[in-house]
Structures are given as C-alpha cells and as structure tokens.
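First the structure, in the form of structure tokens, and then the observations on it.
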Amino acid sequence: MAVQINPSILSADFSRLAEEARAVEGADWLHVDVMDNHFVPNLTLGVPVVESLVRATDTPLDCHLMIEDADRWAPQYVEAGAGSVTFHAEAAAAPVRLAREIRAMGARASMALKPATPIEPYEDLLPELDMLLIMTVEPGFGGQAFLDIMLPKIRRTRELISKHGLELWLQVDGGVSASTIERCAEAGADVFVAGSAVYGASDPSQAVRALRTQAREATAHAAWACDH
Ligand code: DX5
Ligand code: ZN
C-alpha cells in the first residue's frame, strides 16, 4: 500500500495560499482544515476559499471539516471541488447517510475521531468510508505535540481494516514530523498530514519527500504491512 503525505495549509501563509499550495506540488493531497469556532476554538476558512484553492493547484484537496452540523455543510465542500471530505464522528448526526451522500456526489468519504473517541463503536461503519482519520492532537491548532497515547488506537484500527479486508486509508493528523512519522507508520497509518513539519521547513517540497521516505521505510518494516 502506498504511503501518502498531505501537507496542511493551516501552517502556510494565508495571504499567499495559491503560492503556498504550489510550493508542495509533489504532495499527494493538500490538507485543508476548515474550523468554525464552535466545534473547535479556532476559525479558518470555508467554501469560497476551497473553491479558489481548487483552481489554484492540481493537487487534490483533502478537506478536514472541524465544524458542527457536518450533515448540513459537508456536501458543499464536495460541490466546491474537494476530492476527499472528512467529517468528525462527534459532529455528524447520521454518519452513514452523510458518507453515502459524499460518495454519491463523487468524492471520497472520510470520518475523523478526536483523541477521546474510540474506534470500536464504528467498526460496522468502516465499509461506508474511504478513509478514517485518527487525530493525534486535540483538533484546533497546528504545531501541537504528538499524542503517543493514540498509537494503540491506530494499531487497533489497522487490525479492524485487515480483519474486514477493507481498502480503507488510515490517516493521522497532528504533530506528525520527522520524529513521529515512523511510529505512526509502524502502528498502521498510511496517510500522513503534516503542517508545521512541512511549511515550517525552509524547503517544503523537500520536507514532503523526506517524510515520504521515512514513512515508506518504516512501513516496509512494519508487521501489519508484512502480512499482506
Ligand atoms: C489540527 C489540524 C491539523 C494541523 C496539523 O487541528 O487538523 O491538520 O494543521 O498541524 P501540525 O502538523 O503542525 O500538528
Ligand atoms: Zn487537519
């Protein structure tokens, strides 16, 4: 399974978003953090900025919605041109209906879990999703320290994916950097969001390449990947 690196523009210069998007053109996806000041204590951007970003880059957009009432708003991000839309389990009243709606509209459907939300209640929903996002910080801000206590949840999720034979991508987001990405890959993640580790680097494209190399090597030695 291929490793994917998704730089988060939350750590970019918001006055130069088009340029910042193009600075990581070798990336697999551009991770776009949408925050509403209700679900998380921070406010970022919405549909009009996503529409502009779609026009500004060839890299597909991975929209991470940290917003309340996801059932109502998520479809608008598909319409805006996002290739993948992630809603939070804690913010969706009807996650199965919402995932089906996102897929029917032509985007990849993804669901995120905050650190205190367990994966187990969602086991039967996993076939409805294209990606599961495990937050490795409390959502809301870039530049926070990686929560090692999330590694067992990543492992358990990878086991569920294998048990059911799913093609589900497993994304990690928060504090992912050169010093933590190998632990994530070893535990079972295959899609890595990195904000400050990419945009804080002097050469963001080079940072993406270096993270990808590290993740690939760690995956090659990981027990979960060797089983396949
Ligand atoms: C945090 C966001 C992340 C954030 C990650 O709530 O969801 O995507 O940009 O930033 P770093 O990689 O700096 O922790
Ligand atoms: Zn995010």
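Cβ from N, Cα, C; glycine included.
Bear in mind that TrEMBL entries carry predicted annotations, made automatically and left uncurated.
Per TrEMBL, active site, proton acceptor is recorded for Asp33. Feature annotation from TrEMBL assigns active site, proton donor to Asp173. For Ser8, His64, Gly140, Phe141, Gly142, Gly143, Asp173, Gly174, Gly175, Gly195, Ser196, the entry in TrEMBL reads substrate binding site. Per TrEMBL, divalent metal cation binding site is recorded for His31, Asp33, His64, Asp173.
Cα spacing between Gly140 (substrate binding site) and Asp173 (active site, proton donor): 11 Å, rounded to the nearest whole number. Shown in sequence order, Ser8, His31, His64, Ala112, Leu133, Ile134, Met135, Thr136, Val137, Pro139, Val193 are the residues of the chain, 6+ apart in sequence, with a C-beta less than 8 angstroms from the C-beta of the residue listed as 'active site, proton donor'. When Cβ atoms from all protein chains are considered, those within 10 Å of Asp33 (active site, proton acceptor) total 25, not counting its own. The Cβ of Gly175 (substrate binding site) has Thr136, Val137, Gln144, Ala145, Phe146, Leu147 as same-chain neighbours under 8 Å, each 6 or more residues away in sequence. Counting every protein chain shown, the Cβ of His64 (divalent metal cation binding site) has 29 other Cβ atoms within 10 Å. Around the Cβ of Ser196 (substrate binding site), the same chain contributes Ser11, Gly142, Gly143, Ser177, each under 8 angstroms and 6 or more positions distant in sequence.
According to DSSP, Asp173 (active site, proton donor) is assigned to a strand segment.
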